[in-house]
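> The structure follows.
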Amino acid sequence: MNRELRRLSLVVLLMFIALFVASSTIQVGFADQLNADSRNTRAVNDAYNVQRGSIIVGGKPIVQSTPTSDRFKWQRTYSEGPLYSAVTGYLAVNGSATGIEGAMNQQLSGTSNADFFTRVKNVITGKHPQGNSVELTIDPVAQRAAYEALGNKQGAVVVEEPSTGKILALVSTPSFDPNQLAVHDNATYLANYNRLKDAEGDPLVNKAITDLNPPGSTFKPVVSSAAFETGKFTPNSELPNPSGLQLPGSSLVIHNDTGAACQGDNGGNVSILNAQVWSCNIPFAQLGAKLGSSTIKSQAEAFGFNHEFSIPMPVSVSKYPGYDDQAELMQSAFGQQSDLATALQICMDSAGIANDGVVMQPNLVQSVITPDLDRQQEFQKQEFGRATSAQTAQTVTQMMVKGVDQGTGTNAKISGVSVAGKTGTAQNGDNQPYTLWFTGFAPADDPKFAVAVVVEDGGGLGQSGSGNSVAAPIARQVLEAVLNK
Amino acid sequence: MAAESNAAPARSAAPRTGFVTTMTSVVPRIRMPRRLRNLELGLLVFAFAIVVAAEVLVQLGANGRIDGSLAFFGIALGVLVFGVHVALRVTAPDADPFILPIATLLNGIGIAMIYRIDIHYGRSGWDAASVRQIVWAAFAIICALAVLVFVRNHRALQRYTYLSGLISVVLVFIPLLPVIGTANESAKVWIQLGPLNFQPGEIAKITLAIFFAGYLVQRRDSLAAVGTRILGVTFPRVRDLGPIAVLWVLTLLVILFERDLGTGLLYFGLFVAMIYVATGRTSWALLGIVALVGGAWAVDGLSSAIPKLGYVHGRFENWLHPFANAQFGSSGGSYQLVQGLFGLAHGGLVGTGLGQGQPYITPVADSDYIFASLGEELGLIGVFALLALYMIFVARAFRIGFASEDDFGKLLAIGLGFVVALQTFVVIGGITRVIPVTGLTAPFLAAGGSSLVANWIIVALLLRLSDTVRNQPRAVSS
């Protein structure tokens, strides 16, 4: 029987090994994932029991934990809350956390893996745990300029440094005051939350990274890039220039914004250059048909469409789904149909072109600083990938400069600085207010700042506003502020 | 070892007992029993120190101060455990020195965690599960003492082979009786006797082990040798297998009518392991495992047709997709499992420290999920330590099995060791998602009187067996 007993012992040993492996997997391997689960109330409860780290912008803390006498021990306070709410988010008493508060919760509460030895040290020394501070890439000048330029319009501004992907400004309006949601009294919190949830303009929805809008004509530089990348087109390649075009297999007739043939008509044809400068839909629809769905799709994806970014908050996926239907494909080439984009994505398009065709991973976190002032984590620029050749990027830049100089983006002009840009006036369906866009970068010859402005709900003008009249001035104000710094 | 020489003394074990005892008293002791007992005493003191430290840490962590509220109970338990130690010095001086300290340590750590949960809910007096657990522990240790004192030779148990079988059946089916049976959560495995709840199925694992051991010792030769070959597998004669098969079917009915997957699995595993060790038939062990897995799938499949079995299907779904919102949000869903996983992850490598985690978020954190609670506050390090304690406990039992010269003692030690190992695996495997959750409790740790009583009786039997093994006349036949 001893032989059988030896085998049985082996089986028992295997059973125990399974338990050792499983518990290691849960407690170490997948611990981060489990701790980050939104249903895990433990992590959030913990967040209240430590002195959470600050969130720092431009060397000054904008979010801090101050001691209180109630059971939560620490009160989160947001100085200039409405200005930064799209970035910081809030930490609520019920545990829900948004923005940096949510995405960097482990670092702020000192529970990330990197804090392991600190925690052990705290256990030994009996020191109260303290979270890390998170320093952001946000430039307070850019942020304030963007917030003020948007004013009471519903929309967003994103400013990025093209060469690094650092996000310098991220504003969503109407904004809200996170202090109202960080109150410790649950009833007050719920009342404030419900009021904000139902408020006009959805202040709790992040218009910069969560809302998806049709990109409209801001998509044209992407299509131009796709065309030049094939090697078969140049800015001077010409396309037929009628004043109206019936789409194949469809009764739909599309027009340019002006309702007439595109400016710069050359004997019934118009160049890609003029089509983009004057933002004409019909030539781009025809260009889209020539390029085909997969060419445009792979170009859009190279800029970041159909990709999930985290900055480190999760960003809605901007969509270029690809089209089998010719009529749909042609409309998608000027950013309509099912094309959808976040303001951040449109900013990345410009940043990629500004950075000689290389798209950088966007990010908000400059560094994570431990209570002992060690820099636990430091921003490192990271390429998302090359979207176009440097030459294509140069060509598209020149077209965008001309667009601001004399085309549809004139309201973004800044004296003494050359600005590259593209407007967008996107339709949301019959009788729905337009989505108004401007995206670009400056200085065009040595790009330091890429910007995207989106104004939703037609900027209050229904269908009578345009990207140039509403969004371009906002972009100009922001660029002026950062360039004059 | 030749089969013939085994079967003979086993059948006539009882009359020869006196002879064996007389013989050993004449033989000079080669081993040094005092050293074994002194080692045990040292380990017991060490175990007690750990338990007291755990209680103090719980109070400091959860209350921020130390009070003496449990001191009286602690002393009482200490006296009882040292009573067992003294009883061993008198009645079983050669008993294994590790089994008692391990049981004490596990029991004590369990009480510390139950107490910790009580503190969170502000329970005290008889409302406190920890107080009840301590009283149960006292009763269980007294039972263990009684077993040690009254069962001076384990072979006496062999006389009660069929009685044990009968008692097992009764114990398993009592909860189905109308008046005293009560349903706890979904499983109908409890009986109510006045103010006390008792889970008789826990005791049945001991009587079943005795029955299997006694029966298999008698019939192992015919089971192994005689039979009909079908498809390359030799099946035993009906009259050899009959009683066991009947018992096995009866215990499997537990799964159906008492809705207790874990206990059914435990009995079944015990049966397969013991018949394998007794007969050496790998094919039967494999058949058993195939039957179990197949049966589980069949029950899972049937569960859509038979509403009574729906809980089995639910358990499978919870196991496979615990994080799906459909599972997490539904009643009888994976909420508890997932909260246990969150707790374990929250503990991480070093744990939050006793009294400083949030194990109470998980439902029944002091019984079914006590292991997750301990994992949260003691971390992976604590989990490994607890698993190691269980492993040593089982290894000691198997060691007795290896060393034992008489087949009944051998099978009984193996059966008792394996039942603890399997129960540990089923409980902790359920919590850590190795297998579906079943609803057993971690031996010695979890709040629950019947489980404690059963496991302390196992301790007493293993101590008794280990003493006999060291005193047995060295067989020359093998």
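Note that Cβ sites are derived from N, Cα and C of the backbone, with glycine treated the same way.
Annotations for this protein, taken from TrEMBL, read as follows:
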- B:39-58: transmembrane segment (TRANSMEM)
- B:70-91: transmembrane segment (TRANSMEM)
- B:98-117: transmembrane segment (TRANSMEM)
- B:129-151: transmembrane segment (TRANSMEM)
- B:160-180: transmembrane segment (TRANSMEM)
- B:200-217: transmembrane segment (TRANSMEM)
- B:238-257: transmembrane segment (TRANSMEM)
- B:263-279: transmembrane segment (TRANSMEM)
- B:286-306: transmembrane segment (TRANSMEM)
- B:378-399: transmembrane segment (TRANSMEM)
- B:411-432: transmembrane segment (TRANSMEM)
- B:444-465: transmembrane segment (TRANSMEM)
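If you look at the structure here, what lies around each of the features I listed?
Cβ atoms under 8 Å from those of the transmembrane segment (B:70-91) belong to residues 37, 40-41, 44, 48, 51-52, 55, 100, 104, 108, 115, 130-131, 134, 137-138, 141-142, 144-145, 148-149, 152, 463, 467 of the same chain, restricted to positions at least 6 beyond its ends.
When Cβ-Cβ distances below 8 Å are used as the criterion, the transmembrane segment (B:98-117) is approached by residues 40, 43-44, 46-48, 50-51, 54-55, 57-58, 61-62, 70, 77, 81, 84-85, 88, 128-130, 133-134, 137, 354-355, 359-360, 365-366, 370, 373-374, 377, 386, 389-390, 392-393, 396-397, 442-447, 452, 455-456, 459, 462-463, 466 of the same chain, each at least six residues removed from its ends.
Remote same-chain residues near the transmembrane segment (B:129-151) are listed as 70, 73, 76-77, 80-81, 83-84, 87-88, 91-92, 107, 110-111, 114-115, 117-118, 123, 157, 366-367, 447-449, 452-453, 455-457, 459-461, 463-464 (criterion: CB distance under 8 Å, separation of at least six residues from the stretch ends).
With a cut-off of 8 Å between Cβ atoms, the residues of this chain six or more beyond the transmembrane segment (B:411-432) that come close are 154, 157, 205-206, 208-210, 212-213, 216-217, 262, 265-266, 269-270, 273-274, 277-278, 337, 340-341, 344, 368-369, 371-372, 375, 387, 390, 393-394, 396-398, 400-401, 404, 438-443, 446, 455, 458, 461-462, 465-466.
Within the same chain, residues 88, 92, 95-96, 99-100, 103, 106-107, 109-110, 113-114, 129-130, 132-133, 136-137, 139-141, 143-145, 147-148, 151-154, 196-203, 205-206, 366-368, 370-371, 374, 386, 396-397, 400, 404, 409, 412-413, 416-417, 419-420, 427 sit at least 6 positions outside the transmembrane segment (B:444-465) and bring their C-beta atoms closer than 8 Å to a C-beta of that stretch.
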